[in-house]
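Lifted from Swiss-Prot, the feature list:
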ACT_SITE  E98  active site, proton acceptor
ACT_SITE  C339  active site, S-methylcysteine intermediate
BINDING   C118, C122, C125  [4Fe-4S] cluster binding site
BINDING   G165, E166, S197, S220, L221, H222, N296  S-adenosyl-L-methionine binding site
DISULFID  C111-C339  disulfide bond
DOMAIN    104-334  domain 'Radical SAM core'
Amino acid sequence: MCRNNNNKLNLRDLNQSEIQHFIKDLGEKPFRADQICRWVFAQGVSSFDEMTNLSKGLRAKLNELTTLSQATILTSQVSAKGDTIKFLFGLPDGHAVESVLMKHTYGNSVCVSTQVGCRMGCLFCASTINGLVRNLSPGEIYDQVLGIQRETGERVSHIVIMGAGEPLDNFDNVLKFLENIHAEYGLNIGYRHITLSTCGLVPRMQELALRKLPITLAVSLHAPNDDLRDKLVPINRRYKIHQLIEACSNYIEITGRRITFEYALLSGINDSDEHVRQLAALLKNLLCHINLIPVNPVEEKEFIRTPPEKVERFRQYLEKVGLNVTVRRELGGDIDAACGQLRRRYESKN
């Protein structure tokens, strides 16, 4: 179990089973664990005094041995249309991570970060510029959703795990977060309302498939051949495209779930007629959806987004050969909602 610098357990880093064992060791009755889980994960309390159906004695024990340490909102940015709010959360150790609230007609979606920084090195991503600092704990990921609900007063209905970090590089903590956010004692968000994005850690994709969670897996592809993907997405040097596609095929077979392939369009780099033909040939036999993404500009990078008319031609070709494809609706472009940008600007000023 995870402990902080004061050797206290952070209850939001535990799951129900671990809290049950902890409460049993305290000599308390089993139903107390269920009560505590609801306070911690559904109500999102920040103080043990708020757990009003627990005895004062038990609250005192919890205060002595555990913590409800939370990520706190440092700053936020609201898009001109008001449909996107970007939050910067401060962590207890002084680091910061970003989350984004996106308001859709079907509900509110929160994009969470899973690491401080990232070591994947994707060439057009701001999150990876200074490398990986550390993994987030399950509670630190969960706090992003709780904090946004608390700040806005609006229920979160969908989770997108595509903020800073590679989720499958923080596998166990992300799975525990998923368990808690989905649970009845938590926010009870359906697995089919959760999307997890990976740049292609093939062994972890295989492990995830065996869990048979009905989440949506999104694969950051961004290139249709190894030569180009080696440059844009360096993990491809370890797991080549044929290995990635095989892992995707196995994932579909085991889970029965359609995979989303993300393809960030970079002008003059991966958006030619030959690239779209290669992409179509690569994905034509898979149960999949292709999400074309006009890339967000990053100050330290020189990439330019593909012009709209070329994006449309790219989309039309894929559709013509029978593939399911959409162009991602742009939210929050005016507030630099691309991963990592708000954090880096904040840290440069502080």
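Using the three backbone atoms N, Cα and C, a Cβ is placed for every residue, glycine included.
Annotated features taken from Swiss-Prot, shown on the structure.
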residue	record	DSSP class
E98	active site, proton acceptor	strand
C118	[4Fe-4S] cluster binding site	coil
C125	[4Fe-4S] cluster binding site	coil
G165	S-adenosyl-L-methionine binding site	coil
S220	S-adenosyl-L-methionine binding site	strand
N296	S-adenosyl-L-methionine binding site	coil
Nearest of the recorded positions (E98, C122, C125) to H222 (S-adenosyl-L-methionine binding site) - Cα to Cα: C122
Most Cβ neighbours inside 10 Å, all chains, among the binding-site residues C118, C122, C125, L221: L221
Integer average pLDDT (0 to 100) for the domain 'Radical SAM core' (104-334): 94
Spatial neighbours, same chain, of C111 (disulfide bond) - Cβ under 8 Å, 6+ residues apart: S99, V100, M102, V160, I161, M162, G163
Entries of E98, S197, S220, L221, N296 which, being recorded positions, have CA atoms within 10 angstroms of C118 ([4Fe-4S] cluster binding site): none
For E98 (active site, proton acceptor), the number of other Cβ atoms found within 10 Å of its own Cβ: 27
C122 ([4Fe-4S] cluster binding site) to S220 (S-adenosyl-L-methionine binding site) - Cα separation in whole Å: 10
Cβ-Cβ neighbours of N296 (S-adenosyl-L-methionine binding site) (radius 10 Å): 20
